[in-house]
Amino acid sequence: MLIALTGATALCYTEDNLAFVDALFAAMSAVCCCGLSTVEAAEWKAETHAFLHVMMLAGGAILTSAYQPLLRLWAVSKLCPMLEGDTKDSDGGNALGGNYLSKSMRLWYASALCVVTTLMYVILVHISLAFFLGMFNRSNLRVPDVVLLAVASFHGAIFTPMEPYVDDPAVVAVASVGCALGFTMFPVLLRCFLRMEWFFFSGVKRLFSSFRQTSTVRQRSLFPADNGEEAALLGCVDVPLKKGAKEGEFEGGVKGYSTWDRAFCDILKSKQPASMHTFLFDLRETVYLGVAWVVITVIAAAPFWFQQWSGDGLLAPYSAPYKVFLALCQAAIVRFGGASFLSCLDYSDSHIAITIMAMYVPPIPVPTYRVYKKWKSVPLAYAIRPFTSRKFWLFVAVFCILIFEEEWPDGPDAPYYDMITRTMFEVVSAFSGCGLSLPPRWSALSFSGTLGVFSKLVIVAVMFAGRHYTVDFSIDIGFNSLP
């Protein structure tokens, strides 16, 4: 909220004719990575767009997921001095303190690795998106436009209209892939990204060790240790093995040869991976999230293929392969990015209902300690929570009626999308961080832009509540996650 208020003040300063409620709406939309706006953002100054993208970085779901390990780093740093041995303590007390100090240091390295991994992922994805967009776009985008579009796509908050780029496959692909990588695909790829990072780290370490054998021997002589636990904490490359232990194992049974190897192992082998990183799930749950993402995207793309394929449909002017490609990209970006390459005003009622469903289903079930303690499974909790909710079944009832009793608009001036449909669409879009809207045909603004001040503030509160729903800063179960 503080970031949004500060951003609203700055937007009022950069844009002279911008009302504070509209500035607050845009700032909250940027911080929550939504993309809704009550004014025409395409006409804003370059400085305003740059500031909006800075707010996206500050409130992005992936960057804020690093707050959890950062908080744990701070907590462990405060805890370690209390666990250091004291001459007044008994041998048993010193041994117990040393054991907890060892675990604290392991947790510190694992948390630091989670922070570094998150930052590396963000940097690599941004560079890749900007590179491919700059190289292959057909719209003659300038370098600043390429960078801003890459950042906006990654954070799923695209304020500028995307319909002019519908014929540019590079823009369509990069925007859609960026929206996916910037949120929903991150927990699916995080475990694989960590393994790739571990593999790269191991290769660099072996290459470095081959040139620094003398330095390694000197380091071992400077830090003599009797057990492998202390040697690993001191950063030695190799750790003495207990008699009979297999190669590649610590004395405590943890695989790896160095402190950072053990940090990778602690994260990837944790029984409660979400305690290490908010978006880290076990392998079964990761596969579930990936399959669910694909299924929902295909369902959201189906109306394009069945209703917009030929005739006067939105996909009619394009070739068959591009129709399939555009429908899949549109379905993905509608769910996660809020941009639209095809006009939502030409959707049928059933298509609107399916779009609302795709936005309504939570993209990522962020687990908490309570969820794990009760269900021991994210997919199980993910299914039981909506099925036991009365609001969910009310939504299903409305969804079924819209599907089976749809009416197509009869002529360009025929009434369509009544106030209830538009309001429901806008509220669900704001809560899910999607950013789509069903404005009146006579308005160039979003539906929120035609509302009064109070209604705009209600939408702002909905965006804030939806963003807060996907944030988990628990740091109390870090020690329990260690083997």
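Counting starts with 1 at the first residue shown.
Backbone N, Cα and C atoms are what each Cβ position is placed from, and that goes for glycine too.
Noted in TrEMBL for the protein shown:
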TRANSMEM  24-42  transmembrane segment
TRANSMEM  49-67  transmembrane segment
TRANSMEM  107-134  transmembrane segment
TRANSMEM  146-164  transmembrane segment
TRANSMEM  170-190  transmembrane segment
TRANSMEM  286-305  transmembrane segment
TRANSMEM  352-372  transmembrane segment
TRANSMEM  392-408  transmembrane segment
TRANSMEM  444-465  transmembrane segment
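For the transmembrane segment (146-164), the residues of the chain that approach it from at least six positions outside its boundaries are 26, 29-30, 32-35, 37, 41-42, 49-50, 52-53, 56-57, 60-61, 122, 125-126, 129-130, 133-134, 137, 139, 171, 174-179, 181-183, 333, 336-343, 433-435, judged by C-beta separation under 8 angstroms. Contact counts against the transmembrane segment (170-190), taken as Cβ pairs under 8 Å, peak for 286-305 among the stretches 24-42, 49-67, 286-305, 444-465.
Ranked by the number of CB pairs under 8 Å to the transmembrane segment (444-465), the listed stretches 24-42, 107-134, 286-305 are led by 24-42.
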